[in-house]
Amino acid sequence: MKEHQCRGGRASPAAPATWLARISVSRGASAIAWTFMLGATAIPVAAQTDDPKLVRHTQSGAVEGVEGDVETFLGIPFAAPPVGDLRWRPPAPPRAWAGTRDGRRFAPDCIGNERLREGSRAAGTSEDCLYLNIWSPKQVGKGGLPVMIWVYGGGFSGGSGAVPYYDGSALAQKGVVVVTFNYRAGILGFLAHPALSKESPNGVSGNYGLLDMLAAFKWVQNNIREFGGDPNRVTVFGESAGASALGLLLTSPLSESAFNQAILQSPGLARPLATLSESEANGLELGADISALRRADAGELTKIAQSRIPMSRQFTKPRPMGPILDGYVLRTLDVDAFAKGAFRKIPVLVGGNADEGRAFTDRLPVKTVLEYRAYLTEQFGDEADAWERCYPANSDADVPAAVARLFGDSQFNNGIELLSAAFAKWRTPLWRYRFTGIPGAGRRPATHGDEIPYVFANLGPSSVSMFGSLEGGAGASDIKLATEMSAAWVSFAVHGVPDQGTKSHWPRFERRGEIMTFGSQVGSGEGLGVSPSKACQPSK
């Protein structure tokens, strides 16, 4: 990815005060459907419509959507606006509204890195951003369809549930209810601060973005029957930071019963996490007066944070803004939890792309052997020589491939290997994949994020302009691959296995290391795409 059923009647009563109690205390073929809403760019507001045609009732009030082969409901609040005194607090219950809310337009995206919401159909950004969107097959009943909830990536610094390539229409046409949502990121989503920890009944702060995710999952549990979904058949799926968050939540007791299955696309697992005290020290860089910080303009606050808190990625150091070991949401490193079997033993589908790292390293000022060695020293210190032996570059021409492999393995592939080994050890159902894409003139090998338009079966103009894997436009081979890949994802959500009714047999990943490859050919085999780190682990 380029740097990247109920009609009429009375509304149900508002959610009780104990809502989210555990958290609040702290192109072409029919398979590829473009059904974007015309004019879906304005901010949604609560409105009394004269003649609502498609209405569903949530616990907070009625919502009007858009009718069609896929019924669409946009901009539904799953939590109260996290503004004012609710800034840097766990998400509070959504406020009830009178009349029928207009659910035909996207709500604002959360404030964050603007580059990460390129193409978004939302009208700008706002701190008031905790909204979700639903795509459901034309209603034939209530509460019987599997649900797929998408968690977008963005390095925990931004993103949007309203970009076109996350449109859920094509997947919904295959018989599932699709949900996307926004969550707080960056300084607004992950600030830890001593004053915030002091005011928390759990004595912690930070991880508000993760709590937003859990709140969205909880809203789905409480309301999705009204949109045709079954709250007992929920598959969460995400990419990059979204997948990383889901992997971390597998180890959190707060995620119990929040979802039934998970799909992790290029997760960044087995990375260091800051402790609460380390993160609180970062937070103090913004100032000691939390009341003043709550009154500050959110956009300006984000800019100040970016100038005062280093945001560059360090392989061996925790993210300056992202999930932390707070002792409440996250209580142990995922490495330790997976080793001990202290994770939710639910079916998981996980994988990555052939050239994960290049999406990041193409922009690095590392082009010569000397620059490469300096980069290794900066990242790994005394272990730089060991890492260079694992990822050698004997000439300047070797450097781009070496640094891309290093980045892809250390940031993505190694964690996937760790998760896979743990699931095999604890005999927990897991399926592995590797996305290679469709070769073509001007196309690079599939890198980070390139699988997304194929998973969503969205190969329209927005995806072509955004993803290098679609350079030159989507052809027949791309359409075929998107059909097969999206069918596998839906099969997993519907049947609990990714090959029910599909063309290719996809065996479970066990100790032999079976992996499904999605590319010019789709098929499974042993040891495909296994990270070089299995034979070369310089830190061991």
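Keep in mind that glycine also has a Cβ here, set from the backbone N, Cα and C atoms.
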Labelled region 'Disordered' by Swiss-Prot, one stretch among 221-240, 501-520, 521-540. Can you tell me which?
521-540
Structural state of GLU356 (active site, charge relay system), classified by DSSP into three states:
coil
All-chain count of other Cβ atoms within 10 Å of SER240 (active site, acyl-ester intermediate):
28
Measuring Cα to Cα, how many Å separate SER240 (active site, acyl-ester intermediate) from HIS448 (active site, charge relay system)?
8
